[in-house]
Amino acid sequence: MKSLDDLDFDNRFARLGDAFSTEVLPDPIAEPRLVVASPAALALLDLPAEASDEPVFAELFGGHKLWSEAEPRAMVYSGHQFGSYNPRLGDGRGLLLGEVLNQAGEHWDLHLKGAGQTPYSRMGDGRAVLRSSIREFLASEALPALGIPSSRAACVIGSSTPVWREKKESAAMLLRLAPSHVRFGHFEYFYYTRQHDQLKQLAAFVLEHHFADCGAAERPYAAMFRQVVERNAELIARWQAYGFCHGVMNTDNMSILGITFDYGPYAFLDDFDANHICNHSDDSGRYSFSNQVPIAHWNLAALAQALTPLVEVDELRASLELFLPLYQAHYLDLMRRRLGLGVAVENDQALVQELLQRMQGSAVDYSLFFRRLGEDAPEQALARLRDDFVDREAFDRWGEAYRRRVEAEGGEQAARRQRMHAVNPLYVLRNYLAQQAIEAAEQGDYTEVRLLHRLLARPFEEQPGMERFTRRPPDWGRHLEISCSS
């Protein structure tokens, strides 16, 4: 393990030059204090958990101090927002402090969110509020524990700096980690501004550092785009299988690495609703839960358009056509595992779709259903679960088909239970749990947010005394829509 003074910086993106980012120093927040830190994320930087206890920790990630090797820069990019192209976005309140090289040879971006105004702030104050910072922190650490690729969050630093949104709130900073912060929108920016030399420079940078195995291909950029499609197909399959709704799938919020990125008004499903809209600002439902698959494909097509100076259109189209079958294969495999099924058979897709149709419109908690399905033998589990369904006879028919499917595979119930509990979480980051932790934190009590973070780091393991986190949400906490305000 290292100390905060010993981090090894290797700022590769900064070396691309001023066409790609602008030098900006962090604007410190007043009276910085640690709200919560992630030992697992700090370990990616070879830092021990105790590093967050040092006074200099809050000063560094509250914008008061800076390593001499750091090169803070605001990145420029554009993107399609709710389907409309915005020609100039960029880091409006975040700074890429630099890239840390860990002992495993991995580069990790240090991105400080809420670091003040930049040339891309667009009338904004450059700040992030405590509320949104806690939400991003919790999700960034909860999703990887579920096996969903994501950026990571090392810490949240609170302050006494006031900011105004719908009401007066306090500013905070979040340290986000990722192997890269390059977005689809980076490529769009250089394509639509006709800076094709810079577009190729960016593509070469991403190829060298993040898709090196594509470098030996006959057409490296075509191979790289195909991998981007493959990674996103698997990512979206994991979102859908675990009931995660991102809420703002603009192309500037899509990582070139195929990881979950830029958390805003996200949600995990409570009662299953394929049409759930978690973003209060999404009047048309563009980014509803069921639309995430076609929107991901749309976003990949937007990226493909930006790559046309580098890759033949036919090759881009061929890769795009792979998205849906790849997604379906990953999704069906995940759902099969969630149902405790180990062997693929022809009617598995129909079995999954029929279950979701029975869930729709019923008071079925999406996460708890799968957990409880594995608790006992199918007959007993199905008998307990049927009361949650509106059409119980239809559910009984599904249950009988499922029971026969389990019976055909054979095996002991104890092994089935262990197998299902290993992929079906008992603890899920529900919006009402995050809201309760936020309300306590806004009063200066960080106990709940720290407890929730520790709990969600082990979502599949039953943890003594944590029964209240396994319950269905109260009426006020069901289907919460969250504002983009942050």
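Including glycine, each Cβ sits where the backbone N, Cα and C put it.
Database features, via Swiss-Prot:
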type	residues	note
BINDING	Gly90, Gly92, Arg93, Lys113, Asp125, Gly126, Arg176, Arg183, Asp262	ATP binding site
ACT_SITE	Asp252	active site, proton acceptor
BINDING	Asn253, Asp262	Mg(2+) binding site
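In this entry, Gly90, Gly92, Arg93, Lys113, Asp125, Gly126, Arg176, Arg183, Asp262 make up the residues listed for ATP, with the farthest two CA atoms of the set 23 Å from each other.
In the shown protein chains, 21 other C-beta atoms lie within 10 A of the C-beta of Asp262 (ATP binding site). All protein chains shown were included, and the count of other CB atoms within 10 Å of the CB of the residue listed as 'active site, proton acceptor' stands at 22. The residue listed as 'active site, proton acceptor' sits 9 Å from Asp262 (ATP binding site), taking the C-alpha atoms as the reference points.
Each of the binding-site residues Arg93, Arg176 was scored by how many other Cβ atoms lie within 10 Å of its Cβ, and the smallest score goes to Arg93.
Rounded to a whole number, the distance between the Cα atoms of Asn253 (Mg(2+) binding site) and Arg93 (ATP binding site) is 14 Å. DSSP classifies Gly90 (ATP binding site) as coil under the three-state reduction. Note: the Cα of Arg176 (ATP binding site) and the Cα of Asn253 (Mg(2+) binding site) are spaced 14 Å from each other. A helical conformation is recorded for Asp252 (active site, proton acceptor) in the three-state DSSP classification. For the binding-site residues shown (Gly90, Asp125, Asn253), fewest C-beta neighbours within 10 angstroms: Asp125.
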